[in-house]
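Chemist: Let me give you the structure first, and then I'll get to my questions.
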Amino acid sequence: MEKIIVRGGRRLEGSVRVEGAKNAVLPVIAASILASRGTSTIKEVPTLADVFTINEVLRYLNIDVAFENGQIHVDATSELKTEAPFEYVRKMRASFLVMGPLLARVGLSRIALPGGCAIGSRPIDQHLKGFEAMGATVKIGNGFIEAKIDGRLQGAKIYLDFPSVGATENIMMAATLAEGTTVIENAAKEPEIVCLANYLNAMGATVIGAGTGTIRIVGAEELAGAEHTVVPDRIEAGTYMVAAAITQGDVLIENAIAEHLRPLIAKMEEMGVQIHEEGQGLRVRGPRELKPVDIKTMPHPGFPTDLQSQMMALLLRANGTSVITETVFENRFMHVEEFRRMNGDIKIEGRSSVINGPVNLQGAEVASTDLRAGAALVLAGLVAEGYTRVTELKHIDRGYVDFTGKLAALGADIERVNEGVETTPAKEQSLKSNLA
Ligand SMILES: CC(=O)N[C@H]1[C@@H](OP(=O)(O)OP(=O)(O)OC[C@H]2O[C@@H](n3ccc(=O)[nH]c3=O)[C@H](O)[C@@H]2O)O[C@H](CO)[C@@H](O)[C@@H]1O
Ligand SMILES: C=C(OP(=O)(O)O)C(=O)O
């Protein structure tokens, strides 16, 4: 079984470069489906399991995708298939982002119904409400969602009940080829939405207002392939910021955009962490003593849920009681149980976790429950006494390029190993020989 083994106690120093954002590159690759002419070149593509998965989905749809040297070339000019089976959607919910572009381009899209996952049930009703408002017929059956339109989608005014990132992206992509203008109200404002809008505009679309709560999309007859560079990953950047702070280190996080990290910077500064913009990045210096803070996760520009578990690791080291309230996902405290195995003093009260610090974290065998939880456990391991072994690395591989290598380069005592697990027959064998 693959594990990350980390021995706590090293102060991190040096610099680390942030990759293109996972949550931006996935919708951007999906948006390439919209180009009926020309080839797209996408730059700053991180080598992540999720990128391989979305590439596979596109290839299944009969699209030519080549991934080399951090760039992806997509040619979607052939006749497209219209179905994405469960094996892809199960691996990665973001596979559902192909629904909007396929529906807009071909008039039909059949995608396996995404299930829930470890962080909550994650419905897709807001995506579907948007497609229906644009005139599509949506049917659910046999584990699939089918959306269909005769002719072109029609521009519509769509108010989202919640500023869902995925629904905003799916509807925005579909609307680029609709007849007339679509207005998305209460739209998500995340930097990844702006990244996608920039790409769509480069393809010939007219998307106005991305990054605000109202996005206006004027439909075009067709879109063409374009060149686009993916925005840096604010969640990866935030993870290394916490790594620097928790180890009382001094780390330059290259390529981190301060503007995208305001909620994290504000909370970390409240805790006593020193953060300065330096060149094209952020320098983070951890103090000897951390102050407790309260955090509530919210849609952007609120505190991101994807940095909640990493901050929990940091708050375990703060001098006093902190409260984290998770408002975005209903079940994103699975890591609490794992932190407890490391001597974390945390109580869950409804949608809040009460963290009593500072604790002396102890190395233990712990499992990633989702990708950010996995990263957070490694962060805790950086300051735990003894060895921490983190399993279920498939989650971490979805969102972090060479997590172990990057932390080791900063001075962490960390390695990724394939440790054999003693099988029952082997155990029986040793019991027998002990008895003999
Ligand atoms: C690939 C990607 O970009 N993933 C990010 C994206 O996920 P994702 O796009 O799935 O997240 P959403 O913003 O859609 O979901 C936020 C909340 O809205 C609910 N909801 C969403 C859609 C819907 O139709 N109905 C509904 O009720 C969800 O269950 C959840 O409680 O944004 C999340 C919130 O910042 C991040 O944690 C994920 O890392
Ligand atoms: C929850 C996340 O991703 P996804 O929506 O792809 O599951 C994440 O990136 O933390």
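Backbone N, Cα and C define each Cβ position, glycine as well.
Here's the feature list from TrEMBL:
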ACT_SITE  C117  active site, proton donor
BINDING   K22, N23  phosphoenolpyruvate binding site
BINDING   R93, R122, P123, I124, D125, Q126, D306, V328  UDP-N-acetyl-alpha-D-glucosamine binding site
MOD_RES   C117  2-(S-cysteinyl)pyruvic acid O-phosphothioketal
Chemist: Just the number: how many Å between the Cα atoms of D125 (UDP-N-acetyl-alpha-D-glucosamine binding site) and the residue listed as 'active site, proton donor'?
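Modeler: Computed Cα spacing between D125 (UDP-N-acetyl-alpha-D-glucosamine binding site) and the residue listed as 'active site, proton donor' is 16 Å.
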Chemist: Measure from the CA atom of D306 (UDP-N-acetyl-alpha-D-glucosamine binding site) to the CA atom of K22 (phosphoenolpyruvate binding site) and give the result in Å, rounded to a whole number.
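Modeler: If we compare the Cα positions of K22 (phosphoenolpyruvate binding site) and D306 (UDP-N-acetyl-alpha-D-glucosamine binding site), the gap is 12 Å.
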Chemist: Hey, does DSSP put the residue listed as 'active site, proton donor' in a helix, a strand, or just coil?
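Modeler: Assignment for the residue listed as 'active site, proton donor' reads strand.
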Chemist: Taking the Cβ of D306 (UDP-N-acetyl-alpha-D-glucosamine binding site) as centre, how many other Cβ atoms lie within 10 Å?
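Modeler: Taking all protein chains shown, D306 (UDP-N-acetyl-alpha-D-glucosamine binding site) has 25 Cβ neighbours within 10 Å.
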Chemist: Fill in the CA-CA distance, V328 (UDP-N-acetyl-alpha-D-glucosamine binding site) to N23 (phosphoenolpyruvate binding site), as an integer in Å.
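Modeler: With distance taken Cα to Cα, N23 (phosphoenolpyruvate binding site) is 16 Å from V328 (UDP-N-acetyl-alpha-D-glucosamine binding site).
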Chemist: Tell me which recorded positions (K22, C117, R122) have a Cβ under 6 A from ligand 1; sequence order is fine.
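Modeler: Those recorded positions that pass the cut-off, since their Cβ is under 6 Å from ligand 1, are R122.
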Chemist: Could you give the Cα-Cα distance between P123 (UDP-N-acetyl-alpha-D-glucosamine binding site) and C117 (active site, proton donor), in whole Å?
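Modeler: Rounded to a whole number, the Cα-Cα distance is 11 Å.
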Chemist: Whole-number Å only: compute the distance from the Cα of D306 (UDP-N-acetyl-alpha-D-glucosamine binding site) to the Cα of N23 (phosphoenolpyruvate binding site).
Modeler: 11
Chemist: Using DSSP and three states only, what is N23 (phosphoenolpyruvate binding site)?
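Modeler: In three-state terms, N23 (phosphoenolpyruvate binding site) counts as helix.
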Chemist: Can you give me the Cα-Cα distance between R122 (UDP-N-acetyl-alpha-D-glucosamine binding site) and N23 (phosphoenolpyruvate binding site) in Å, rounded to a whole number?
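Modeler: R122 (UDP-N-acetyl-alpha-D-glucosamine binding site) and N23 (phosphoenolpyruvate binding site) have their Cα atoms 16 Å apart.
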Chemist: Can you check which residues sit near C117 (active site, proton donor), meaning Cβ under 8 Å from its Cβ, same chain, 6 or more apart in sequence, and list them in order?
Modeler: R93, D370
Chemist: How would DSSP class V328 (UDP-N-acetyl-alpha-D-glucosamine binding site) in three states?
Modeler: coil
Chemist: Considering the binding-site residues N23, Q126, which residue's Cβ sits among the greatest number of other Cβ atoms within 10 Å?
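Modeler: Within the set of binding-site residues, the most crowded position is N23.
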Chemist: Look up I124 (UDP-N-acetyl-alpha-D-glucosamine binding site) in the DSSP assignment and reduce it to helix, strand or coil.
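Modeler: In three-state terms, I124 (UDP-N-acetyl-alpha-D-glucosamine binding site) counts as coil.
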Chemist: Quick one: of the binding-site residues P123, I124, Q126, D306, flag those whose CB is under 6 Å from ligand 2, and say none if nothing qualifies.
Modeler: D306
